[in-house]
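A.B. asks: Please see the structure below; I have some questions.
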Amino acid sequence: MAAYNKKEIIQTLEHIAVYLEIKGENAFRVSAYRKAAQALERDERTIDEIGDPSKLKGIGKGTASIITELREDGRSSFLDELKEEIPSGLITLLSLPGMGGKKIGKLYKELGVEDAAGLRKACEEKKVQNLAGFGAKTEEKILKALDDFGKRPDRLPIAHVMTAVEDITGRLNEFTGINRFELAGSFRRGRETVKDLDFIISTFKPEEVGSQITMMDNIETIVSNGETKISLELAYPEGLIVPVDFRMVEDDAFATTLHHFTGSKDHNVLMRQRAKEKSEKISEYGVESAETGEVITFKDEPAFFAHFNLPYIPPEVREGYDELETKEADLALVETGDIKADLHMHTTWSDGAQSIKEMVEANRERGYTHMAITDHSKFLRVANGLNEERLKRQHEEIRKLNEEYSDFTILTGIEMDILPDGSLDFADDILKETDFVIASIHSAFKQDEETIMKRLETAMHNPYVAMIAHPTGRLIGRRDGYQVDMDRLIQTAAKTDTILELNANPNRLDLASEYVRKAQEQGVKIGINTDAHRFDMLTHMPVGVKAARRGWLKKDTVVNTWDVETLITFLNRNR
Ligand code: DGT
Ligand code: CA
Ligand code: CA
Ligand code: ZN
């Protein structure tokens with residue numbers, strides 16, 4: 001196991017606290033781990049810079065040795081022991097909404113509940129409502145949650161299948177007998193959720209390839225196993241099951257098969273109509289002339305589209321609307337290679353895992369020319385948000401660091417909370433000194449639409465606010481976010497020249513593609529940012545770009561493609 005970063009260590013300490021609660025340990029011991037986690041969170045340094053954790057206030061010798069073990073080995077023998085002692089069925093109960101360590105501990109100790117089935121039985125026998133801190137309503141809620149528990153969702157958010165995609169792609173690259181392969185279907189089109197993954201494989205040895213596929217070590221079910229098509233369910237950590245289709249074709253048919261199974265169905269319908277006008281028929285295997293019966297094949301998709309006098313139509317816009325009628329220039333969509341900067345990310349100064357310097361180096365390595373450091377502001381105490389004094393100190397550090405690079409610019413920034421009462425977390429005199437001011441909502445999600453809109457509008461009308469981050473607060477497959485009047489948001493952004501974010505985190509993709517498309521139509525600029533809290537989240541940029549392409553975004557609409565001078569001119573528009 002690799003060493004843990006600060007964020008992972010903090011999370012593990014919190015896990016230990018929860019496990020101890022389940023075990024029924026006394027409150028002091030439990031809170032020692034929570035306090036240690038908070039002490040680390042509050043400290044601005046990375047875990048290596050901190051050195052000996054027992055020197056920090058709030059961290060005792062025992063906890064310090066656990067931290068050191070996590071830092072060096074990426075595991076804790078103490079946590080491993082706890083896991084042995086606690087029935088594993090109890091751990092799964094933690095994912096039930098409203099269930100924490102204390103409640104589960106009580107169910108375990110007082111009712112002998114050890115898993116979901118036991119909990120259901122206890123609820124049905126009306127034993128749960130008599131426990132202190134529970135009650136009849138809670139019991140009802142638990143029963144409802146248990147009904148949804150373990151049910152497989154119809155569609156998987158892409159954030160959940162990305163590991164599977166990487167895993168399968170890696171394996172196919174190692175397999176023998178494959179000429180080329182590509183992932184088709186809804187994933188290739190950049191949809192937010194997928195029913196299954198569709199791999200198209202060019203091979204002259206389908207048997208050889210097929211036997212390697214059915215030998216994979218994480219197969220849950222072989223749904224079907226034909227000569228040219230294999231359907232599997234693959235198992236991934238945390239009980240995730242991903243359905244996958246593999247289709248094997250000869251290389252001649254690869255382009256048309258890839259096109260067919262990329263879809264969408266509606267796009268395929270449009271293409272077939274187009275073919276009919278030429279007295280031709282499209283199939284997976286090629287294009288057939290109705291008159292001669294001759295079948296032509298293509299070396300790749302661009303050649304296939306060219307046959308119908310069409311420019312290359314990117315998969316992201318193949319939804320069967322107007323993509324065949326669109327001018328070639330409007331199909332020139334933003335690409336990952338156009339991105340010059342990531343403008344929203346966090347460091348150890350708030351709730352990130354890496355130091356400023358580490359983030360800067362990582363961004364430089366990605367080939368960007370500039371970036372912004374945007375930690376949380378003071379309202380967000382759980383994330384150790386920066387107050388005015390710390391923000392100023394951070395800016396000084398960034399300015400100093402900036403002097404070390406002649407070919408790279410670090411913008412100072414802040415992700416400033418818009419408070420529940422609609423006010424902003426910082427006054428203008430602070431914002432004025434900050435290059436890239438992001439405003440976002442992280443609280444009071446249940447407010448009515450008018451109140452939410454007033455909050456967003458206050459921020460957009462502030463002359464120093466450059467961008468609204470993740471404008472709806474949704475988490476794909478988990479929560480809808482707060483009430484936003486999208487037309488009003490886009491109109492105000494246009495009027496105030498405020499950037500709207502397309503947050504590239506695969507759990508967010510916020511704004512969604514349909515709305516960035518509308519925003520672009522109204523002249524609103526879009527920022528695609530990873531909102532990285534760790535190194536690996538910086539790699540989400542292409543996910544955001546794909547979502548942007550689904551929203552037909554062109555390069556110039558996306559502020560991350562601008563050079564730093566153009567961006568700075570824009571940021572100074574009201575100053
Ligand atoms: P999903 O539901 O997220 O898996 O979405 P897709 O688009 O990946 O759908 P899937 O896996 O059922 O099929 C992949 C593609 O194959 C689909 O986009 C278009 C094509 N396809 C599948 N079934 C049909 C069909 O009955 N008619 C046509 N025209 N195309 C089909
Ligand atoms: Ca699919
Ligand atoms: Ca499929
Ligand atoms: Zn953020």
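Here, residue 1 is simply the first one shown, and the rest follow in order.
A Cβ is built for glycine as well, from the same backbone N, Cα and C atoms used for every other residue.
In TrEMBL, annotation is done automatically, which means it is predicted and not curated.
OK, TrEMBL features for this one:
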type	residues	note
DOMAIN	3-319	domain 'DNA-directed DNA polymerase X'
DOMAIN	91-110	domain 'Helix-hairpin-helix DNA-binding motif class 1'
DOMAIN	126-145	domain 'Helix-hairpin-helix DNA-binding motif class 1'
DOMAIN	341-420	domain 'Polymerase/histidinol phosphatase N-terminal'
COILED	384-411	coiled coil
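I'm curious about the neighbourhood of these features; can you describe it?
C.D. replies: Confidence across the domain 'DNA-directed DNA polymerase X' (3-319), taken as the mean pLDDT and rounded to a whole number, stands at 94.
Same-chain residues lying 6+ beyond the ends of the domain 'Helix-hairpin-helix DNA-binding motif class 1' (91-110) with a Cβ under 8 Å from its Cβ atoms: 17-24, 30, 83, 116, 119, 122, 128, 131-134, 138, 141-142, 145-146, 149.
Counting residue by residue with DSSP, the domain 'Helix-hairpin-helix DNA-binding motif class 1' (126-145) contains 13 helix, 0 strand, 7 coil.
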A.B. asks: Under an 8 Å Cβ to Cβ limit, what residues of the same chain, 6 or more beyond the ends of the coiled coil (384-411), are close to it?
C.D. replies: 41-42, 44, 343, 349-351, 356-357, 360, 363-364, 368-373, 375-378, 417, 425-426, 430, 433-436, 564, 567
A.B. asks: Per DSSP, what is the residue tally for the domain 'Helix-hairpin-helix DNA-binding motif class 1' (91-110) in helix, strand and coil?
C.D. replies: 13 helix, 0 strand, 7 coil
